Ligand SMILES: NC(=O)c1ccc[n+]([C@@H]2O[C@H](COP(=O)([O-])OP(=O)(O)OC[C@H]3O[C@@H](n4cnc5c(N)ncnc54)[C@H](O)[C@@H]3O)[C@@H](O)[C@H]2O)c1
């Protein structure tokens, strides 16, 4: 069966960047091979899950040999389309937005926040590193000119849905939503919701129960 015919579960896809980052670290430390047990210990994901995840991607390793790190790295890189630069815009340059623009994804030099927007005249025109905060009124014009593919929302929850409507109308197909608001978007648009509260809660749960 070809890779295209296999429906890879969302949970597996969400773990891909973790695998990528970990394998990249191994590669940079001159490690040649890694077993699913080592991956499991390093990533704190049980080895059965790792083996199942990897089984969706075909023959990535040999039994008893472990996985070839260079091969894995290349595979994850391609799968994550790391060889294409993904341009990201952020809307809402307050506490969280400023931190994210400053951070600008050290995991990869192929994903970049290239534009930032806000509605507050006190924030518009500010520079955060190389990024100048633009007036949200100019959103459509700028994302088209800069070929932006993903939008991060770090605005108050009350502004999130109307901005999501505007963002999807402009043709953006991916939103990373940090607001507490559950967004309704047209089909074909992907929304990932990040909630530190839920992450913490699940960490506490695992600490208590495992
Ligand atoms: N997901 C998480 O784990 C997490 C953690 C902290 C905060 N948050 C959420 O992230 C969001 C931002 O938090 P914050 O502390 O940075 O808030 P903040 O008030 O510091 O920043 C929000 C920014 O959005 C701007 N804004 C408001 N309406 C806008 C609009 N229509 N268009 C463009 N810009 C607009 C404001 O001018 C402000 O600069 C909130 O929704 C908060 O609940 C999420």
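Start at 1 and count along the chain as shown; that gives each residue its number.
The backbone N, Cα and C atoms fix where each Cβ goes, and this holds for glycine too.
According to TrEMBL, the DNA-binding region annotation covers 18-57. Within its own chain, the DNA-binding region (18-57) is flanked in space by residues 3, 6, 8-9, 12, 65-70, 72-73, 75-77, 79-80, 82, 107, which lie at least six positions past its ends and keep a Cβ under 8 Å from the stretch.
Within the model, the domain 'CoA-binding' (81-182) shows a mean pLDDT value of 92, rounded to a whole number. For 81-182, the entry in TrEMBL reads domain 'CoA-binding'.
Listed in sequence order, 101, 116, 117, 118, 123, 126, 128, 133, 154 are the same-chain residues at least 6 apart in sequence whose CB falls under 8 Å from the CB of residue 93 (NAD(+) binding site). Taken from TrEMBL, the feature NAD(+) binding site applies to 92, 93, 94, 95, 96, 97.
Taken residue by residue with DSSP, residue 95 (NAD(+) binding site) is part of a helix.
Residue 94 (NAD(+) binding site) has a Cβ environment of 13 other Cβ atoms inside 10 Å. The Cβ of residue 96 (NAD(+) binding site) has 154, 178 as same-chain neighbours under 8 Å, each 6 or more residues away in sequence.
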